[in-house]
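Chemist: TrEMBL feature annotations, pasted as is:
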- 1-32: repeat 'NHL' (REPEAT)
- His6, His101, His200: Zn(2+) binding site (BINDING)
- Leu8, Asp201: Ca(2+) binding site (BINDING)
- 45-84: repeat 'NHL' (REPEAT)
- Cys54-Cys74: disulfide bond (DISULFID)
- Tyr73, Arg117: protein binding site (BINDING)
- Cys113-Cys124: disulfide bond (DISULFID)
Amino acid sequence: MFLMPHGLYVDYEDNVWATDVGLHQVFKFKKNETKPSLVLGDALVPGDDSGHFCKPTDIAVLNSGVIFIADGYCNHRIAVFSGEGQFLTDIGRADGMLVPHSIALLGGNDTLCVADRENSRILCYATGLAPDGEYGLGDIKFANADEGLGKVYAIAGYGNRLYGVEVYGNGQPPAGFVTDVMEHSPIQTFRPKQPFVLPHDIALSPDGSNIYIADAASEKKIYKFIS
């Protein structure tokens with residue numbers, strides 16, 4: 001079924017979503033099912049319109065069902081779809097993203113953050129759910145200004161905290177990091193005793209107490225940290 005699966009996400013109903021950068025598609029699987037209930041994009045057909053992707057990297061889904069797809073290695077946008085798979089809009093085309101490699105929802109699902117990998121930055125957008133209506137869908141709420149940040153390969157959110165992995169920021173070895181997006185303040189960086197080589201993805205346990213980082217180097221390791 002898959003050619004080169006890349007992004008993985010479990011939504012509020014325990015549906016499993018996956019992106020495939022080889023097929024240029026996104027798949028939704030209902031809990032305990034092996035046949036996709038929704039497929040977005042045409043197999044092996046790259047594109048940048050409302051029905052096609054070009055190497056989509058990641059996915060996130062609001063509790064309302066709205067779907068955000070990081071698209072991707074060659075399209076530099078976040079594509080937004082309804083829960084039924086109808087294209088709604090794009091986010092970020094005007095912001096010069098260069099490989100939006102990972103996305104994460106924060107807080108009450110009102111903020112979507114993007115790991116803009118090749119620009120070594122994080123961008124956070126409004127999802128349009130803020131109760132006061134201060135921000136509309138796609139408005140920028142945060143853009144990091146840390147010139148020492150390395151290439152951000154992956155991010156994950158819990159509350160207002162954003163966890164991520166960066167490669168060679170300030171000339172230092174690859175590291176994990178934690179930042180408070182709402183306060184615009186870094187909290188800490190962390191590394192294993194045996195250094196990362198190419199940390200490529202990050203995930204959190206449901207209560208945010210455990211951090212899991214996948215290293216895509218030749219030994220293919222997964223590290224666990226206590227938050």
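Every residue, even glycine, has its Cβ placed from backbone N, Cα and C.
TrEMBL labels come from automatic prediction, so no person has curated them.
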Chemist: With the cut-off set at 10 Å between Cβ atoms, which of these recorded positions ends up with the most neighbours? Options: Leu8, Cys54, Cys74, Cys124.
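Modeler: Compared across Leu8, Cys54, Cys74, Cys124, the most Cβ atoms within 10 Å surround Cys124.
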Chemist: Checking the contact step here: among the recorded positions Cys54, His101, Cys113, Cys124, His200, Asp201, which have a Cα within 10 Å of the Cα of Tyr73 (protein binding site)?
Modeler: Cys54, His101
Chemist: List the recorded positions among Leu8, Cys54, Cys113, Arg117, Cys124 whose C-alpha is within 10 Å of the C-alpha of His101 (Zn(2+) binding site), in sequence order, or say none.
Modeler: Arg117
Chemist: List the Cα distance (Å, whole number) between His200 (Zn(2+) binding site) and Cys124 (disulfide bond).
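Modeler: Rounded to a whole number, the Cα-Cα distance is 20 Å.
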Chemist: With the Zn(2+) site defined by His6, His101, His200, which remaining residues of that chain have Cβ atoms positioned within 8 Å of the Cβ centroid?
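Modeler: Once His6, His101, His200 are set aside, the remaining close residues are Gly7, Thr57, Asp58, Ser102, Tyr153, Ala154, Asp201.
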Chemist: Measure the Cβ-based neighbour count of Cys113 (disulfide bond), defined as the other Cβ atoms within 10 Å of its Cβ.
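Modeler: Here the count is 26.
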Chemist: If we check Cα distances from Asp201 (Ca(2+) binding site), which of the recorded positions His6, Cys74, Arg117, Cys124 wins as closest?
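Modeler: Nearest by Cα distance to Asp201 (Ca(2+) binding site): His6.
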Chemist: Determine the Cβ neighbour count for His101 (Zn(2+) binding site): the number of other Cβ atoms within 10 Å of its Cβ.
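Modeler: Around the Cβ of His101 (Zn(2+) binding site), 25 other Cβ atoms lie within 10 Å.
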Chemist: How does the repeat 'NHL' (1-32) divide up by DSSP, counting helix, then strand, then coil residues?
Modeler: 0 helix, 16 strand, 16 coil
Chemist: Compare the Cα of Cys113 (disulfide bond) against each of the recorded positions His6, Leu8, Cys54, Cys74 and report the nearest.
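Modeler: Spatially nearest to Cys113 (disulfide bond) by Cα position is Leu8.
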Chemist: Which secondary structure state does DSSP assign to Asp201 (Ca(2+) binding site), in the simple three-class scheme?
Modeler: strand
